[in-house]
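Below is one structure, written out as structure tokens, with a few remarks after it.
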Amino acid sequence: MSRKKKDPIELFQSGQLVKVSAPMVRYSKLAFRTLVRKYNCDLCYTPMIVAADFVRSEKARDSEFTTNQGDCPLIVQFAANDARLLSDAARIVCPYANGIDINCGCPQRWAMADGYGACLINKPELVQDMVKQVRNQVENPRFSVSIKIRIHDDLARTVDLCRKAEATGVSWITVHGRTVEERHQPVHYEAIKIIKENMSIPVIANGDIRSLKDAENVCHITGTDGVMVARGLLANPAMFAGYEETPLKCIWDWVDLALELGTPYMCFHQHLMYMMEKITSRQEKRVFNALSSTSAVLDYLTDHYGSNM
């Protein structure tokens, strides 16, 4: 597989809103990335991969990272707290991806306890060291190194972190507009706007974007260069193409891609549950969610929605 052709840095120079699919544990795998790309998604991230495991174990590499020729531009997101291990991981994926992203935003307890994720927003020097090491180790100057962060209660600290990262050569920054403690509270778009005003590199806004209209509004409010979406795309992978709810064609596209790429049943079924949430009654959900085989799902879809021709 040759080096990927499309360059994400050029996407940001186009002046168009860059539409990004977020790193999602279990969900943002190859089949789903292929699906959202069919519906106007510009840039996709892999699920977060623990760099130490990835470097040490071939088994982890094979299970955590699959791609193909059409899967670009692609960013591989790593959880890391060691510059050496991260740069080794970046070297391994370099021929197959357009860049890596350092997760500085995951608020889950296990990640924080291991020194990964959102605790890195309080360690700007470590983040700088990781960025530098990757830059030194990866020979391709077009290979991007980005970070995804949450914000501090004291926004001056976040701006300081972002400025330090920019000075070290970060390609762009994705800002999830909540603090580490916040889960379902409203997103602080004003904070994202302030960060963007303090940066010369591209900034991507993330948090509670459920439709193309939302994406355009957030971009307007924050002045950011792109938007990153997670749950909104799970519920409607055709969101970036302007659909308000998942069109039937998209559901059948998922079936075709998942079968073609060998998606495990649990994942295949779970994606359909998310996608059909808005278009099924409670009774239909009970029946559909209890299905336990691919053939049962295909029969259900054919009975309810006709064939995929």
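Just so you know, the numbers here start at 1 and follow the chain as drawn.
Cβ coordinates are placed from backbone N, Cα and C, and glycine is handled just like the others.
Because the structure is a prediction, the values reported are computed rather than measured.
Under a cutoff of 8 A between CB atoms, and with a sequence separation of 6+ in the same chain, the neighbours of C106 (active site, proton donor) are M48, A79, M112, Y116, G117, A118. The annotation active site, proton donor is assigned in TrEMBL to C106.
Long-range Cβ contacts of R231 (FMN binding site) within its own chain (separation 6+, distance under 8 Å): R210. The annotation FMN binding site is assigned in TrEMBL to P23, M24, V25, Q77, H176, A230, R231.
For 22-281, the entry in TrEMBL reads domain 'DUS-like FMN-binding'.
Burial estimate for the binding-site residues (V25, Q77): highest at Q77, by number of other CB atoms within 10 Å.
Counting every protein chain shown, 26 other Cβ atoms lie within 10 Å of the Cβ of P23 (FMN binding site). Mean per-residue pLDDT, taken over the domain 'DUS-like FMN-binding' (22-281), amounts to 97. Sequence-distant neighbours of M24 (FMN binding site) (same chain, 6+ apart, CB under 8 A from its CB) are P47, A230, L234.
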